[in-house]
């Protein structure tokens, strides 16, 4: 028994026919819909069905599909002796349904993916068990052509489960007469790519500029808060930790630069992808469908907010309930409703936190996490804001107004000696 795999190129020296009654749609067996059929007693005719070694990925894929055919008890891979090479041919064909002509506009043919040779009559006619419908180069499934395929079982079962994006790709491929036509139909136009790249770069540049400009006011504000006591210092029992590992401040410059670069690239990619999906003809219908769902959710949330305002005025006076019975019923109803919707709220919260973290990846002057959320025992998940504050304290320790006044007094004492800060002058000042 030999395994051969058939490529997509037309081969006049090799042809194949199969009987759909000997085929099975591989639905719900290995995957929900792998987009192929498995057939037995496929007839390979001609001198051009030459054999070459098959690769391991295709061999394992073929074994996993062919061993699951419910219309036969054969386990092809297990029956193949290990000494016999796994064979593959580059001279491939589309297999045609028995009785159909591949030149007829109403035919049905399926691309042969791989075959186990089960018989050979010696006159260039071979019978095989084959996987049909998948490209061997890119592993693209649903490779069936001809209008009659929709009327032939089990091929129609596979085609009906074909995802819409694969269907559109195949339609574009079939309608394209040349490769240039395929590029024009399937790939985004030049102005769409330029528009996406331009808006993405503008958004990324704006985010990077916003990060750098935010450091100046936030640094000044933090220093003033430390000096005025808004941020506790010497009276804070945890302030002592800022005196340790002062060498960690050397990471600040690199984190500021690379963090801003990461945020810039992140927003450049996000905005460019959104614009591309919105204007590209292939993805625009899908985006509009998603947009319709989003608009529906927004309208629902708006109606819910209006109802909350109305019920809030009717049921509550500050924190007190005006109508306890009505209030209890509405609270139970809303809790039951939110019990199902809060799954989406958790997902939305996770996405928003990831976006916020990406936006503030370059902001070491502020912590995205609170002290309780950012610490797991002795481990600080976000130590960079503490290092940034250490850097400010290192600088302000030499620039604090008290230190500058005290230093000026010491210098004056050194310069003027006994003439400065005399007892008489001190008494006069008091």
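Sequential numbering from 1, following the chain as shown.
Any Cβ shown, glycine's included, is placed from N, Cα and C.
Worth saying up front: this structure is predicted, and the values here are computed from it rather than measured.
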Range among 136-164, 223-251, 252-280 that TrEMBL annotates as transmembrane segment: 252-280
Selected stretch (most C-beta pairs under 8 A with the transmembrane segment (332-359)) from 191-216, 252-280, 286-311: 252-280
For the transmembrane segment (191-216), distant same-chain residues with Cβ under 8 A (at least six beyond the ends): 256, 259-261, 263-273, 275-276, 279-280, 359, 362-363, 365
